[in-house]
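Asks: Quick one: the structure is below, questions incoming.
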Amino acid sequence: MLKLTDITWLYHHLPMRFSLTVERGEQVAILGPSGAGKSTLLNLIAGFLTPASGLLTIDDVDHTTTPPSRRPVSMLFQENNLFSHLTVAQNIGLGLNPGLKLNAAQQKKMHAIAHQMGIDNLMARLPGELSGGQRQRVALARCLVREQPILLLDEPFSALDPALRQEMLTLVSTSCQQQKMTLLMVSHSVEDAARIATRSVVVADGRIAWQGKTDELLSGKASASALLGIKG
């Protein structure tokens, strides 16, 4: 279980403050206007930002100040952060061993994830030789191969065409269910959120303004629907 209790980040001396509980294996969408604090929330969970105050626990262990490299979290960005001089296999392998010295079990795990992502025929290629969708599959494989209990998505598929974006969302959702991972996904699209997350959190002005069923939000009946431009 992921739990944030009054986790506070000072942005130009204006506090953003979050309290949130997410159960193990739950898939949650994080929505809200631009600049509301959605990415800040993910970066606090991932450890890329250190809160001024508050408590963050994962499975009842205090990770409030744990460095990102030691936090049981993986994060996928819109910019996939693949190393251009490394092959697909090497980029995925970094998720298992930063020195890329993989034993037989790790090699097997890497190829299993690549097969699951549909990129097992691309392992010798460089990122520059791949399409945008293929690069995001590689980046997702690198996250999943780490087998961390929490996966954070900061709009990684927003630049893809609609059909490919839906394909990637389905792939993420299915993979998280298979690995029993907790998923938190920032999105500007309530429709995308509804496809994989039964629960949504709406962030506004550095606070969690609303949380509840995604369908209720999409129907326009929720108090936060208007924040997203949804009319009942």
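Every residue gets a Cβ built from N, Cα and C, even glycine.
Okay, so Swiss-Prot annotates it like this:
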type: BINDING; residues: G32, P33, S34, G35, A36, G37, K38, S39; note: ATP binding site
type: DOMAIN; residues: 2-230; note: domain 'ABC transporter'
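For each feature listed, report its degree of burial, its nearest neighbours and the pertinent distances within the displayed model.
Replies: Sequence-distant neighbours of P33 (ATP binding site): residues of the same chain at least 6 apart with a C-beta under 8 Å from its C-beta are A204, L227, L228.
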Asks: Using CB atoms and a 10 A radius, I'd like the single residue among the binding-site residues S34, S39 with the highest neighbour count.
Replies: S39
Asks: For S34 (ATP binding site), which of the three DSSP-derived states applies: helix, strand, or coil?
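Replies: DSSP assigns S34 (ATP binding site) to coil.
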Asks: If you take the centroid of the Cβ atoms of G32, P33, S34, G35, A36, G37, K38, S39, the listed ATP site, which other residues of that chain have their Cβ within 8 Å of it?
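Replies: These residues sit around the ATP site: T40, V203, A204.
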Asks: Which three-state DSSP class does S39 (ATP binding site) fall into?
Replies: helix
Asks: Test of understanding: give the count of other CB atoms lying within 10 angstroms of the CB of G37 (ATP binding site).
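Replies: Taking every protein chain into account, the count is 23.
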Asks: What's the most sparsely packed of the binding-site residues G32, G35, counting other C-beta atoms within 10 A?
Replies: G35
